[in-house]
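Chemist: Before anything else, here's the structure in question.
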Amino acid sequence: MEKNNDDSLSQVRHVILVLSGKGGVGKSTITTELALAFRHAGKKVGILDVDLCGPSIPRMLSVGRPDVHQCDSGWVPVYTDAQKSLALMSIGFLMEDPDEAVVWRGPKKTALIGQFVSDVAWGELDVLLVDTPPGTSDEHLAVLENLKKHRVDGAVLVTTPQAVSTGDVRREITFCKKTGVRILGIIENMSGFVCPYCSECSNIFSKGGGEELAKLTESVFLGSVPLDPQLSSSIEEGRDFMQSFPESATFSAISSISETLLNSLQTV
Amino acid sequence: TTLVPHDCPGTQSEQAGKSSSCQGCPNQKLCASGATKAPDPAIAEIGAKLSTVKHKILVLSGKGGVGKSTFSAHLAHALASDSTKEVALLDVDICGPSIPRIMGLEGEQVHQSGSGWSPVYVDDNLAVMSIGFLLSSLDDAVIWRGPKKNGMIKQFLRDVDWGDLDYLIVDTPPGTSDEHLSIVQYLSSTHVDGAVIITTPQEVSLQDVRKEIRFCQKVKLPIIGVVENMSGFVCPNCKNTSQIFPPTSGGAEKMCADLNLPLLGKVPLDPRIAQSCDEGRSFLNVVPDSPAAKAYKSIVQSEFLQPSTTHPHVPLPSCCTSVVILYNRITLSLQQLQRNLKVPSNLYIIHKTCHKYTNKTS
């Protein structure tokens, strides 16, 4: 593919960043579910978890705390399945004690992320999803600087519907524009909750903010994902939601978002 | 003013003045001389400045989006509902300041006065400061690395004309990084009452919150207690409760029991909370009788947050910080305990806690 085979990302076809100015809006959940949806679509997927202070992906994919091995071309990612169709690398793997806090200032994080991004032996991947911490600071700049050598297809922005959240995501959009990252689209997460007892829909975190934000900033609106206790418990238990609940409304929302995304990658 | 080099290792780091990015920086000599590793003189200035602030409470969580800002804002509102108390709310979330919106102050600007920056007032006795007041547009992104964020926090503490305060509440971003280290360092020459830690019920959230608790222990910040937010949802139509964020590992309750921390309360999900925050109004005034508002009020009134029952500061060995909370909890029996067990003051408790946290038997 690329002439330089030493480049750990040389056989990675597409790179997508998952960003949000706001914390706790579901970046890691969306990253996990998109990865699972891509895999169901027959793709080889990788996830790079660069949230140093709160890595959640290992738990969400139920991989526990495996030892990370090294090969000649770098750190070997952890595969979640025998077919090696979903690879994961997380800072969580490198910590001895899961409760230990990574109390690092920016420069140290920048150095580790640099290593992280360039030293993982991803092998051949269709899509690499990069899950990031909230904000527009050291981690984000470090990820971009190190991925720039390669190519970044763009970013998916995750928000919840309320204005307090879309306000932070607006700032993230400015970040993308300033750093020259294409915005692939906006996803509204935690959008409405359908009561399992009476089917009444409550907009716990308001409604429609993601779509409005997309209009305001002339970005693509990829879709809404509802609040779904089945999704949160799958994430808690590290089960494959996309396999367990194929008939739920959440499933169709996520699959349609992943299809749109895959199509937009083809046209990049 | 000088530009911070691209990969500035930080003026206090071992690499200060020595790393390759320091080449050409006008401060390289100063950093290399070691002078910058001495305590920042601002720490003493901040200590003097905040000596007129009676109580300082930090609101922390390892996890984002669990409701730190919502809690901070409502704690400030609740404390300020007593018109004899002077309350201030400081937002040190530099990259995602939500406090201006939640307090109904979006678009407000900070004014410069002879005695420093003037905070923005919600009420006569409720002052707010946030980087949001320094930005010219809602689209402005603060793309700053650590050292610049730290400089901003220093300015907020040292250069804002806070006046005499009963309470200073500090809302923080998620994580355990620059902002957190800075605020703790800058406040190190003053008395901080402690931290209120916010979590949601799921393990995915608790695993980050445990890290934050470790952080508090590392930096010797007392923990006032834990609040579980988004704890169940009562359908307004049929009144059945759903666990939208299920407490699969026992929620905050089990974590608090395991770590010997007080659980200050649980706040249920309520669509009107998000709505009030978006509109910049106090949820406590909008629907004072809702279960969530009652939960908030009972947390604010809980004994752990009451200054009148705050106990004298007990000097503790470096390995334990949570003893302050334990001490708070068992005050009534402490003297009996000492008498009966004939141990030097606090040693029994300290021993137990150290064992629990570090497996050291000191």
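Any Cβ shown, glycine's included, is placed from N, Cα and C.
Not my notes, these are from TrEMBL:
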- B:Cys8, B:Cys22, B:Cys25, B:Cys31: [4Fe-4S] cluster 1 binding site (BINDING)
- B:Gly62, B:Lys63, B:Gly64, B:Gly65, B:Val66, B:Gly67, B:Lys68, B:Ser69: ATP binding site (BINDING)
- B:Cys235, B:Cys238: [4Fe-4S] cluster 2 binding site (BINDING)
- B:10-23: compositional bias 'Polar residues' (COMPBIAS)
- B:54-225: domain 'AAA+ ATPase' (DOMAIN)
- B:1-23: region 'Disordered' (REGION)
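In the displayed structure, how are the listed features positioned relative to their neighbours?
Modeler: Under DSSP, B:Cys22 ([4Fe-4S] cluster 1 binding site) is assigned to a helix (H, G or I) in the three-state scheme.
When other Cβ atoms within 10 Å of the Cβ of B:Gly67 (ATP binding site) are tallied across all protein chains shown, the result is 25.
Packing around B:Cys238 ([4Fe-4S] cluster 2 binding site) is summarised by its Cβ count: 12 other Cβ atoms lie within 10 angstroms of its Cβ, all protein chains included.
Taken together, the residues in the domain 'AAA+ ATPase' (B:54-225) have a mean pLDDT of 93 on the 0 to 100 scale.
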Chemist: In the structure shown, which of the binding-site residues B:Cys8, B:Cys22, B:Cys31, B:Val66 has the fewest other Cβ atoms within 10 Å?
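Modeler: The binding-site residues B:Cys8, B:Cys22, B:Cys31, B:Val66 were compared, and B:Cys22 has the fewest Cβ atoms within 10 Å.
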Chemist: So which residues does the compositional bias 'Polar residues' (B:10-23) touch in its own chain, when a touch means Cβ under 8 Å and the partner is 6 or more beyond its ends?
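Modeler: The answer is 29-33, 36-37, 40, 146-147.
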Chemist: Taking Cβ atoms only, which of the binding-site residues B:Cys22, B:Cys25, B:Cys235 fall under 8 Å from chain A?
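Modeler: The answer, in sequence order, is B:Cys235.
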Chemist: Based on Cα distances to B:Ser69 (ATP binding site), point out the closest of the binding-site residues B:Cys25, B:Cys235, B:Cys238.
Modeler: B:Cys235
Chemist: If I take the Cα of B:Cys238 ([4Fe-4S] cluster 2 binding site) as reference, which of the binding-site residues B:Gly64, B:Gly67, B:Lys68 has the closest Cα?
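Modeler: Checking each of B:Gly64, B:Gly67, B:Lys68 against B:Cys238 ([4Fe-4S] cluster 2 binding site), the shortest Cα distance is to B:Gly67.
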Chemist: Using DSSP and collapsing to three states, where does B:Lys68 (ATP binding site) fall: helix, strand or coil?
Modeler: helix
Chemist: By a simple count, how many Cβ atoms lie within 10 Å of the Cβ of B:Ser69 (ATP binding site), its own Cβ left out?
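Modeler: For B:Ser69 (ATP binding site), the count of other Cβ atoms within 10 Å is 27.
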